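Working notes, beginning with the structure itself.
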Amino acid sequence: MTTQDNSNQVPDGCAFVIFGVTGDLTHRLVIPALYNLAEAGLLPEKFCVVGVTRKEMASDDLRESLLQGLRKYATRPVDDKVADQLLYCVTAISADPSEPDSFDRLRERLEKLEANRNTGGNRLFYLATPPDAFAPIATELGRAGLLEETSGAWRRLVVEKPFGTDLASAKALNDHLLGIISEHELYRIDHYLGKETVQNILVLRFSNGMFEPIWNREHIDHIQITVEEKLGVGHRGSFYDKTGALRDMVPNHLFQLLSLVAMEPPAHFNAHAVRSAKADVLAAIQIQSEDEALRNSVRGQYTSGRIGDSEIPDYRSAKDVEPDSTTETFAALKLSIDNWRWAGVPFYLRTGKALSGKRTEVAIKFKQAPFSMFRCTPVRELSQNYLVIGIEPVEGISLQFNTKVPGPVIAIDGVEMTFKYKDYFKVAPSNGYETLLHDCMIGDNILFQRADGVEAGWRVVQPFLDAWKKAGAHGLQIYRAGSEGPEDADELLTRDGRDWRKLG
Ligand SMILES: NC(=O)C1=CN([C@@H]2O[C@H](COP(=O)(O)OP(=O)(O)OC[C@H]3O[C@@H](n4cnc5c(N)ncnc54)[C@H](OP(=O)(O)O)[C@@H]3O)[C@@H](O)[C@H]2O)C=CC1
Ligand SMILES: O=C1O[C@H](COP(=O)(O)O)[C@@H](O)[C@H](O)[C@H]1O
């Protein structure tokens, strides 16, 4: 998604430098996204990919490994010619941030490649490494002069998630990176913003006249944001056990959804205005005390169970997970936004692993009809209207409303009208990263997080982190893998006279 009509713009020539090129993200998402861009004719002719690894690696070996990854993870059949053209641009270079000399050698080799490929000196550095390497790599890039702008060429630094592990570390990382590179050159990735259905929240709200007048506390009862996954922790125990569901999903992905749904209309459709409106609404979320945070949250951890044909082992028995771990694999929160649009409208958020289904959605529940003139159905029995923005697996929008059941007497039932992307648009499947990478290469950061937005998100989450840490095992609910999560998550809503939208 670009702010100008430049979605078909072929970026300037550039060097695309990937740190962590031997890793999972590069193979699973980055190279397949570059392939999709190449197939769409959206990569520059004057282009090279530099794969940085701390190992000694021949370029041919790297190309072979990336090709295997592409075949495994591509979202569409791989055209050998396009793949060959892309992989021909790949060169492996060794550099390790703990060995500063290696970055000087990286600069020399990069300059030669740039001259050969005539890339014009533009450089995009993509940090697809574990987060503790972000700051050291940026430091070395700065020290070795790789980020210095020369004769109008641009420099951009793309940083993966997670951006910090709490408010203090996110601030420290922002301060560190912004001491080396400017905000407009820094691209903090959140892959949710690469999803069509997430970008469509802006279009739904601000290109239709009918929603904005009712998009407020007068008409909306509450909003639910759900990201449920069937997958358990799998092989990511060493990362996940230190992280947990709250840090892994809420300040980034769920808050992206929340901010797009709750933001004020931006004054312009550009990166500054949209990111300011998003940061403003995050800054308006009420900061809870630790006691309030405990009252307004539920955390759970899955134990063994069955999902479809698969037996899911207990979370605590997963590789690299502490046997007495109190890390949450499920989190539910109730938040309030203190502004004129949303005062009194609760936002309920939930996310978890090893649940019965895969579902990502934003459900907006409207207020009850003020009275019922139908004697068959008292007002309390009329279903309330839901507008559901489906992100996954259903990509689309559905509206639930009441209708007359055919027949000689009046009877009322709730029905659903659904728009599905796949029924309307014949687009090749993407992995979401191609939009983000294309935007980086053309210099549009509307879909990337800004420092103030990141910090506002962590500020909201911090009391929950602190309160849960102090509570330890106390209050951690155990739920069965394949269930709908801890029962107390229902209680978070039923005590307010509400309930979660059921799966399906
Ligand atoms: N995998 C995924 O699906 C997703 C990953 N992410 C994020 O992407 C980033 C990378 O994840 P992923 O690819 O899964 O991780 P991996 O561990 O698979 O790969 C990371 C690579 O980074 C390199 N690396 C490791 N430590 C250092 C270091 N100290 N300095 C420099 N390079 C280092 C290693 O390559 P070498 O040894 O060759 O130098 C390694 O192959 C993480 O921040 C993750 O949170 C985000 C969304 C999804
Ligand atoms: O970033 C992450 O996101 C995935 C969920 O992404 P989705 O696009 O499948 O909804 C999650 O599984 C993972 O733990 C987290 O690190």
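Each residue, glycine too, has its Cβ placed from N, Cα and C.
Curation does not apply to TrEMBL; its annotations are automatic.
Take the substrate site that TrEMBL assigns to H191, K195, D248, K353, K358: the candidate from E212, E218, E229 listed for it is E229. Cβ-based neighbour count (10 Å, all protein chains) for K161 (NADP(+) binding site) stands at 17. Checked against ligand 1, the binding-site residues R54, K195, E229, K358 give R54 in sequence order as having a Cβ less than 6 Å away from one of its atoms. Within 10 Å of its Cβ, the residue among the binding-site residues E229, D248 with the fewest other Cβ atoms is E229. Highest Cβ count within 10 Å among the binding-site residues R54, K195, K353, K358: K353. Around the Cβ of H253 (active site, proton acceptor), the number of neighbouring Cβ atoms within 10 Å comes to 22. Mean pLDDT for the domain 'Glucose-6-phosphate dehydrogenase NAD-binding' (17-200) in this predicted model: 96.
When the binding-site residues K195, E229, D248, K358 are screened for a C-alpha within 10 angstroms of the C-alpha of K161 (NADP(+) binding site), the residues that qualify, in sequence order, are D248.
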